[in-house]
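Annotated features in TrEMBL:
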type	residues	note
DOMAIN	49-370	domain 'Plant heme peroxidase family profile'
DISULFID	59-141	disulfide bond
SITE	86	site 'Transition state stabilizer'
ACT_SITE	90	active site, proton acceptor
BINDING	91, 94, 96, 98, 100, 114	Ca(2+) 1 binding site
DISULFID	92-97	disulfide bond
DISULFID	147-366	disulfide bond
BINDING	229	substrate binding site
BINDING	259	heme b binding site
BINDING	260, 286, 289, 294	Ca(2+) 2 binding site
DISULFID	266-273	disulfide bond
């Protein structure tokens, strides 16, 4: 103790000690964030039997398991959070949130995979991480948590991990004195639960009660999957595809806001690899804050700098001024408004035609129907 107290603020050992303390504080804060996610039972507005407490008795550690696997996967693949949100989106838009996207081809069982349609082939990714989550859940709670619910949980957790880790963990690269000050602030915040919640709400992205209780389909729908929203769709086509699943213009603009982080192949961008890159070259969807879940994406649209044609049309289409453009302006000027709308739209999307009760099944392997 006496020796350590004599280390100066400029010495390497002092800097390392301070960084270590800051890291411990940050990790403790992240653990509290996970614990604070417990919610009372909730049902959907449409009277669905889905509930945020669905697994409280049958698999109480489900949320923590999903979070742990995604955290581990991010170490080697930082793109995973954005990829997992996209899987949930593409699953729900095809015959509802039933995990049908996860099924592989199995012609003897009559299964033609949705993974091979143009919107998913060589684009949808993250399936091995879903496999790892399912394996961990099967070890802890065999036959309990559905693959459809895994996608719903993974989407919410992915938003959390991107928001919290960027605001806390990635700050380890700043100057030692600034990191020490951050650690000091965190320690102070940990003394009062309410202040911790306030700090988290300012630092992190949106959080929501994930309604659970979906079951897995035993079929796919390639015809419907061929009609998924495309990066080249006109505004009218996008609106029609969203209306087909009972989502409105606010849902459209809010859910497109998930493009605030993640990357895209340049062949799908407005510039279309004009710099001569190979078609698979990855570009940041949000060039301003590509690794943060925030509302800067809408600022890109307002400056005509959206990467995807289907994003920019929400402002540039002739019909936009009376439909989507006012919402883009609103979200661009008010991040809190965007966050609350995004949460509402994610919950609404998660309620698209779920299989519940005795319909469907709980797959043991997300890639195959049971007994196959």
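Every residue, even glycine, has its Cβ placed from backbone N, Cα and C.
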Starting from the Cα of residue 286 (Ca(2+) 2 binding site), work out which of the recorded positions (59, 90, 94, 96, 114, 273) are within 10 Å.
none
Rounded to an integer, what is the Cα-Cα distance in Å between residue 98 (Ca(2+) 1 binding site) and residue 289 (Ca(2+) 2 binding site)?
33
Once near-sequence residues are set aside, which residues in the chain of residue 273 (disulfide bond), 6 or more away, have Cβ atoms under 8 Å from its Cβ?
266, 267, 279, 281
So if I measure Cβ to Cβ from residue 59 (disulfide bond) and keep only same-chain residues at least 6 apart in sequence, which ones fall under 8 Å?
137, 140, 141, 144, 145
Sequence order is fine: just name those recorded positions in 100, 259, 260, 294, 366 with a Cα within 10 angstroms of residue 92 (disulfide bond).
100
An 8 Å radius from the center of the 260, 286, 289, 294 Cβ atoms defines the neighbourhood of the Ca(2+) 2 site; name the other residues of that chain inside it, in order.
261, 288, 290, 292, 293, 295, 296, 297
Long-range Cβ environment of residue 147 (disulfide bond), under 8 Å and at least 6 residues apart:
99, 102, 130, 134, 216, 363, 366
Would you list the other residues of this chain near Ca(2+) 1 - those whose C-beta lies within 8 angstroms of the C-beta centroid of 91, 94, 96, 98, 100, 114 - in sequence order?
90, 92, 93, 95, 97, 99, 101, 217, 220, 221, 224, 225
Would you count the other C-beta atoms found within 10 angstroms of the C-beta of residue 266 (disulfide bond) for me?
20
